[in-house]
Amino acid sequence: MCCTDMALAYVEAHAAWSEANTKPSLARDYATFLSRAADGTARAAFAVEGVRCAGCMNAIERGLADLPGIGGARLNFSDRRLTVTWKPEAEADIGAVLAALDALGFKAQPFAPGRLSDAEAAESQRLIRALAVAGFASMNVMLLAISVWAGNVSDMTPENRDLFHWIQAVIALPAAAYAGRPFYEGAFRGLRAGRVTMDFPITLGVVLTLVMSVVESLSGAAHAYFDGAVMLLFFLLIGRVLDQTMRRRTRAFAENLAALRSESATLVDAAGTLRDVPAAELRAGARILVRPGERVPADGVVEHGASDLDQSLVTGETAAVTVRGGDRVFAGALNGNGALTVRVTAAAGASLLDEVEGLMQRALEARSRALVLADTATRLYVPLVHTAAALTLAGWLAAGAGWHAALLDAVAVLIVTCPCALGLAIPAVQVVAAGALFREGVLLNDGTALERFAEIDTVVFDKTGTLTLPLPTLAEGPPDDGALMQAARLALSSRHPMAAALAPAASGADPFPGAQEAAGLGVRAHIDGVELRLGSARFCEAEAQAEAALAANPDASVICFRAGNDTPVAFVVRQALRPDAVEVVASLRQAGRRVMILSGDRPSAVEAVARRLGVTEWEAGLTPPDKIGRIEALQREGRRVLMVGDGLNDAPALAAAHASLSPVTASHVSQAAADALFLGRDLAPVLAVLAAGRRARRLMVQNLWFSAAYNVVAVPLAAAGLLTPLIAALAMSGSSLVVTLNALRARAMTPCVLPGAADVSTGPNLVPQRVGGGT
Amino acid sequence: MNVLLLVIPIALALGTLGLFAFLWALRSGQYDDIEGAEYRVLHDD
């Protein structure tokens, strides 16, 4: 054994035995979270949990300003992020800031905003600038245009009218060139990829309208349509900005949640010293220490130590798996009672099973081929409009009108059909519905998912962490209350997840002084000369009691307690059902939906849950390919499947299903694959999402029909050559207004309060339930 | 109608002023935290 290994052996023993590891006090390496400005001032961003009011904001900003070296602290209330800047000469100490926040009662984590969010921020700034320019131009052009319309029916001289038209051109042309860029670029990108997107008719409409207006102004005609072109851009940009804002807000909260889970790893370097680093920085070959109660941060092979792992987030299996030197461990597994030294085999980010990734890719591709409403509308709309314009041109030519008049009317058709209402019809509903869901504690990853939620007729649940709460809880009242109290106080000193289930029963009592955790066994303390022990059956010599308890509860686990030489007590611990699971499943079935459970756990555990929920269709012991297979079989039968799951093993199934939902405690991969995430302990968001989807889809379809009806009236008018700029302006703004107002109805969400269920609405402030120990 | 040559440029200039004021506010980050602004008013510092 070389010196490094001795150091490691010491470290492991220390980590496993020391009471101090209930609060790891290692110096963390935060350098990656710091960014420096040109003048040498350092700044860092934090995701902060628990900010609810103006008082919190005030307390944080003032509290931090008193720290030495801090230049300023500013909390962004909209996305709950804190930016701290240090004075140029000061040493940037992130640990001190975290400690100060902790003292103030806020949990925070340093946060490195990704490059993706920078690009998104730049894009939304660009859209807002374009919106401002289009708004300015449309107001001023409209002012002049109304003067012309009034002048045309009174005594305006042709010279003045031409002057007004030219002033309009001077405002509208540069404004349209600037504000229309998002659409022009989109149209070009689409054409290069061989697709006609909605941007194409918009670009064509705007450009033709402007060209025609310039030509008309040159010939001193009575009508010009500059106002129509810029107003169109203004309305469409409103839709784009709303869409972008919704997506950024959801993403910002998802990123905060990820940061607050504090993905960190304890790196062991060659000399045996320990350093906390962000999990994202782990490279293959690194050696990490996983302490009891922590999650394994990356895939790897165990080098030293032995422990029981809770792999439920990886495989759905609730029974603990024992690992020792040479065994593989996967990111997301919760370490039980022993410290492990792990050599990382796959770096973070690549730390999922290749199989899962491959399956998910395939499933996602299949889903992206599905046509959403907006695509269908574009496919119908573009050829129809362009045919109508061509027919108008041909018709007028055949009727003997000159080229000038025929072209004018054809362009008028293109202007009046410009997809103002159509462009707002779907994004407006998506934004309003996503906002309403957000208030109910559901984060929508993908706006088009709403339509898919509307079509669901089969709901497939994963068991572990989805129907059940992610953390185990004490199953039923034990025979002896005093023993429970003592066991719970002892449990406070342990990081083992089973002990965490007992800890709440201590109800505010302090942990026993001098309690020690024994690796792989449990916790012990000497109180008044009596030795108290909490841990495995072997540790408490309670094999008989444990066996009896397990025989009565095949789906549970036991943790034993013994005071001195008294009779030991076995506490039954299981992952409890979510509080409203029974009601939610019942109302899903009442609404005529088929409910199934597909789990990776053992049959006895799944059967117990299925029986309590009254679900007859369930399967256990499924691997990820099995789950995909079952879901694909259902979809081949023509069922539209909603998959609700959280584990790494559910990720491919989430991607394969027609629509998918994950609790916020889910593994990263699952969160990325799911269409929406829900917060909190309740399962009711499943109902909320389905109801919101149906409502949103109904409103979208109404909006699309309204846009179609509007065109049916407007196109003949334009084709007949009766379209004046006044009518065009009224029709455009009127139809956009109607569509937007209709979309606002998606706010009035029918609250799905269940009989006997706890408070369903959980605001976005809700803190994520912490997954396991972490740091 | 010569007054038009005076009034229209004035109107446009004022409008442009408003536009640039908005763009400046946007760039200087005043729209970054819309929810926070309503609480910040209440701070007495």
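Every residue, even glycine, has its Cβ placed from backbone N, Cα and C.
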Q | Matching range for TrEMBL feature annotation, transmembrane segment, among A:196-215, A:676-695 | A | A:196-215
Q) Would the transmembrane segment (A:163-184) count as touching the transmembrane segment (A:704-720), i.e. at least 3 C-beta pairs under 8 angstroms with sequence separation of 6+? A) no
Q. So what's the mean pLDDT when you look at the domain 'HMA' (A:42-109)?
A. 82
Q: Take the transmembrane segment (A:411-438) and find every residue of the same chain, 6 or more past its ends, with a Cβ under 8 Å from one of its Cβ atoms.
A: 198, 201-202, 204-206, 208-209, 212, 225, 228-229, 232, 235-236, 238-240, 242-243, 245-246, 249-250, 373-374, 377, 381, 385, 388-389, 392, 444, 447-448, 450, 676, 688-689, 692, 695-696, 699-700, 703-704, 706-707, 710-711, 714-715, 717-719, 721, 723, 728, 731-732, 735-736, 738-740, 743-744, 746-747, 749, 764
Q. Against which stretches of its own chain does the transmembrane segment (A:196-215) lie, if we need a Cβ under 8 Å and a gap of at least six residues from its ends?
A. 165, 168-169, 172-173, 176, 180, 183-184, 186-187, 189-190, 224-226, 228-229, 232-233, 236, 374, 378, 381-382, 385-386, 407-408, 411, 414-415, 417-419, 422-423
Q.
For the transmembrane segment (A:221-242), give me same-chain residues lying six or more residues beyond its boundaries with a C-beta closer than 8 angstroms to one of its C-beta atoms, as numbers and ranges.
A. 124, 127-128, 130-131, 134-135, 137-138, 141-142, 145, 148, 152, 161, 165, 168-169, 171-172, 175-176, 179-180, 182-183, 202, 205-206, 209-210, 212-213, 415, 418-420, 423-424, 427-428, 431, 724-725, 728-729, 732-733, 736
